[in-house]
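As structure tokens, the structure follows; a few thoughts come after it.
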Amino acid sequence: MPYITQLIQKGTTHSFIAKATAPTVTMPRIKALMTGTIPGFIDIVMNLNSHELQEDNLLWQAKQSRKRIFFYGDDTWIKLFPKHFVEYDGTTSFFVSDFTEVDNNVTRHLDYVLKRNDWDMLVLHYLGLDHIGHLTGPHSHLIGPKLYEMDIVLKKIHSALLLKDEDSAPNLIVVCGDHGMSEVGSHGGSSDEEVQTPLVLISSAFQNKAGPFTVPEMIQQTDLAPTLALGLGLPISRSSLGKFITAVVEQKTMREQLRFFHLNGHQLCMLLKENLETYEKDDGLEQFKKAEKQHGNWIKLYLEGNTSEVLTNLGRKVLKQYLEALIKLSSSLSKQVAEYDIYSMTVGAIITLEIFFLLLLSVPNALSNKAEFDLPLATPLFSLFFYLTCLLLAAVHVIVCTSTENACFFCSMSWLLAMGIMVLISALLCIILSLLGKMVLQLKPSNEVTHSSMQTWSELDILLLVGTLGHVISMGASSFIEEEHQTWYFLVSTLCLALSQEMCRKYFLIKKGNLSGSAAFSEAEEEYAYVNEIYDAHKKELQEEKLPILSRFIKSNEKWIALSSPGLILICCRLLRPLNQTGVQWIHRPDFGHWLTSSEHKAELSFLVAVCLIMIFILIQGKCSLVSKVALMFGLLGIYCYRAAIGHVLYPWQQNTNEITKGITEARFVYIFVLGILVTGIKDLLTSHFLNTNSKAKAVGLWEIYSGLILLAALLFRPHNLVVLVFCLIIQLILTTFIWKILKFDAAEIAIMHYWFGQAFFFFQGNSNTISTVDISAGFVGLDNYVEYPAIFLTIFVTYSGPLLWTMHMLYYLSAETNWNSTAVAHGCYCYAIIRSLPVTVYILLVTALRYHLFIWSVFSPKLLYEVIHHVISAIVCALFIAVDKNQLTKSEG
């Protein structure tokens with residue numbers, strides 16, 4: 001940006017680095033800029049559909065002062081301030097595929113507006129730079145031309161205002177960003193790249209201070225609101241936490257400077273009084289009172305006409321005292337600004353705990369041969385204890401809601417809805433007590449039963465239990481949350497070693513017969529006979545059938561392939577680790593994904609994408625119907641065409657990317673085949689469900705639904721992440737073909753292993769526990785404008801595709817494999833529900849207890865958001881499959 005660099009070197013500007021706070025997304029940052037407040041983390045959800053801002057803000061004060069405000073750009077401003085702009089034209093902020101027209105639609109108004117004199121404030125919000133960052137990352141070759149374009153726009157505005165300055169008071173140009181951009185091309189977290197934004201103030205009123213370039217001063221983003229308010233002669237927003245920027249008024253008289261600081265300090269003192277009961281003991285308030293007293297002495301000397309050096313030194317001393325007071329007041333308020341609705345949080349935590357305990361207490365019935373989940377409703381709901389609990393909760397509700405002064409979500413509900421929640425809490429408590437009573441009555445006092453039940457726990461079972469509980473416990477530390485991927489990588493690697501030990505035990509230890517004469521020996525002989533039965537069947541196939549060479553090789557060497565299969569999985573996981581750097585500690589380091597996506601290695605990326613798409617077809621077409629195979633083939637071909645259209649990859653006959661489009665036609669072409677495969681799978685599933693056909697139709701239907709989701713994920717993934725998808729399919733193939741079939745795990749063990757691998761693949765694809773790794777650009781594949789619900793669905797799908805695909809594979813494996821009993825799906829889903837409920841329940845309690853933690857907004861809150869969404873997705877998928885499986889089980893029994 002040569003023009004703005006020239007202005008900075010001339011000394012006609014004031015340059016700063018404005019530091020934002022998490023969450024670093026558009027709507028909360030606009031609120032911070034205009035109100036001077038620190039938005040809550042719920043604003044990251046509200047960012048998807050902004051509503052009118054009710055807080056006191058700079059634009060409202062300007063409107064009250066009859067200033068005419070024009071706006072062009074991001075329509076988030078129009079949603080937040082719908083009645084503030086005299087003239088406006090909004091552009092869609094979420095359609096990140098467009099970085100040209102979205103800026104042209106703002107610039108086209110400038111020539112006409114700059115010639116007019118009927119406006120006082122002009123707000124322009126350009127989105128192109130942000131969209132380029134989302135699409136291609138912060139180091140894209142498109143960044144330079146876009147910055148130069150913005151430099152030309154700034155030059156046009158500045159030149160026009162300089163001409164107006166000759167006939168009016170000096171104008172002010174504020175050039176700033178609302179947030180930064182992470183290395184992976186997103187934002188929302190708290191890394192330096194995301195929270196540090198440029199702020200440049202340009203005006204002819206500033207005195208020339210030409211000199212060597214210095215590092216800009218670091219300020220808070222909230223400091224802009226009080227600075228602009230006082231500079232424009234407006235009242236400071238009532239809830240502003242910011243402090244006045246000293247450098248802006250250095251050329252003003254001492255009396256004006258002291259007046260500005262006194263106004264800012266008074267506003268902060270009033271805000272502190274409203275938010276802190278012990279405000280009188282605050283160091284900042286005491287410092288402000290001292291400065292105010294010295295300010296009075298300065299005014300007395302000034303009015304007496306004293307112009308000596310004493311007056312100047314006293315003024316500087318007062319300014320320093322005011323500045324120290326403002327810093328302390330702002331810091332105190334920042335710590336107190338978070339108002340927690342403890343009553344509503346407690347109600348939510350109680351319901352979560354009750355549901356989790358209900359799941360735990362229902363384990364014996366739910367994992368029985370009948371897979372029952374019957375709750376004793378009649379007795380508890382008609383008990384005296386139930387009615388007394390309802391009355392007690394109602395009394396507590398009345399007392400809390402009539403005594404609290406702050407807004408409470410639960411108290412704002414209608415009495416009918418509030419009573420419904422209290423009845424739910426009472427009913428769950430009574431049911432839990434009833435289940436506990438039944439369990440106590442059914443306990444057998446025999447020590448032999450307990451001892452024998454403990455003997456059924458294998459080493460692998462203990463590993464799965466300890467690993468799952470250990471992960472939950474680790475979430476109490478912020479560092480373990482930031483680097484959670486390391487936990488899952490370790491657990492999956494340990495699981496592979498445990499599986500390798502189990503395979504060796506099956507093939508070698510059992511064969512030696514070390515347990516001869518014991519009861520376990522007969523069981524070992526049965527397992528060994530089962531393994532030999534599989535191999536005898538495969539040898540018979542080799543003798544009777546003319547199989548392909550590869551299939552003959554696999555079947556003839558199946559023993560050694562099975563023994564090496566855990567090691568192959570371990571190698572796959574190790575190869576995936578350097579593909580995407582994640583977490584916090586090493587996120588800044590280059591990874592293989594960055595190398596592949598750089599413009600210099602487009603040919604290598606093109607080859608890799610082509611190989612991955614071919615591998616995906618080979619790995620999933622075998623169990624699909626002919627129609628689905630054809631749709632899958634054309635869908636994968638369409639994915640390559642889409643990537644070539646948007647410039648990510650090259651066709652074999654291309655040397656470089658000549659013409660880049662949005663790829664809308666190609667992406668929609670793929671969507672058609674995705675829907676076709678899903679519809680075919682649902683049709684086969686419903687056919688097997690209602691017509692009671694053989695299990696083959698059900699297996700094909702489930703696999704086709706799974707294949708459709710794989711095709712959708714391949715379309716939405718960043719091109720280098722197709723490797724993750726291929727390795728996911730390879731690992732699933734190895735597990736189902738060579739490990740699970742031999743080791744004969746039960747449904748609970750299969751469910752936990754699927755959960756572990758799903759969590760690992762969540763991080764393998766580059767996700768983390770910060771919002772900045774969410775790939776927003778995936779939500780606009782195939783869309784030519786912003787459509788809210790499809791964009792949200794696609795974004796959530798691509799973010800949780802790892803856990804979701806492993807969950808779907810679990811349901812297919814438990815439903816379609818012939819060696820499972822009819823309750824396997826119910827058992828698997830129930831275990832999956834428990835291991836998903838455990839971290840959510842514990843984490844809700846942790847976040848409630850650690851709500852004043854230093855990293856509550858930057859670490860704990862994003863993780864809670866991730867966990868809740870993941871839990872909802874898992875619950876929906878499992879509930880649908882249990883419903884279908886339950887109906888089918890009922891039919892078969894009938």
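Every residue, even glycine, has its Cβ placed from backbone N, Cα and C.
Quick caveat, the model's predicted, so the values are computed rather than measured.
If you check TrEMBL, you get these features:
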DOMAIN    557-877  domain 'GPI ethanolamine phosphate transferase 2 C-terminal'
TRANSMEM  342-363  transmembrane segment
TRANSMEM  375-400  transmembrane segment
TRANSMEM  412-441  transmembrane segment
TRANSMEM  462-481  transmembrane segment
TRANSMEM  603-620  transmembrane segment
TRANSMEM  632-653  transmembrane segment
TRANSMEM  669-687  transmembrane segment
TRANSMEM  699-717  transmembrane segment
TRANSMEM  723-743  transmembrane segment
TRANSMEM  791-813  transmembrane segment
TRANSMEM  833-852  transmembrane segment
TRANSMEM  864-884  transmembrane segment
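Counting Cβ pairs under 8 Å that are 6 or more residues apart, the transmembrane segment (462-481) and the transmembrane segment (833-852) reach 3 or more and are in contact. With a cut-off of 8 Å on Cβ pairs spaced 6 or more residues apart, the transmembrane segment (864-884) and the transmembrane segment (632-653) reach fewer than 3 such pairs and are scored as not touching. Remark: the transmembrane segment (791-813) makes no contact with the transmembrane segment (833-852), by the rule of 3 or more CB pairs under 8 A. Only residues 6 or more beyond the boundaries of the transmembrane segment (699-717), in the same chain, are considered here, and those with a CB under 8 A from a CB of the stretch are 613, 616, 620, 623-625, 628, 632, 635-636, 639, 642, 667, 670-671, 673-675, 677-678, 680-688, 724-725, 729, 765, 778, 781, 794, 797-798, 801, 804-805, 808-809, 811-812, 815-816. The recorded stretches the transmembrane segment (603-620) and the transmembrane segment (833-852) do not share 3+ CB pairs below 8 A when only pairs 6 or more apart in sequence are counted, and are therefore not in contact. Between the transmembrane segment (833-852) and the stretches 342-363, 669-687, 723-743, the greatest number of Cβ pairs separated by less than 8 Å involves 342-363. The predicted model assigns the domain 'GPI ethanolamine phosphate transferase 2 C-terminal' (557-877) a mean pLDDT of 86.
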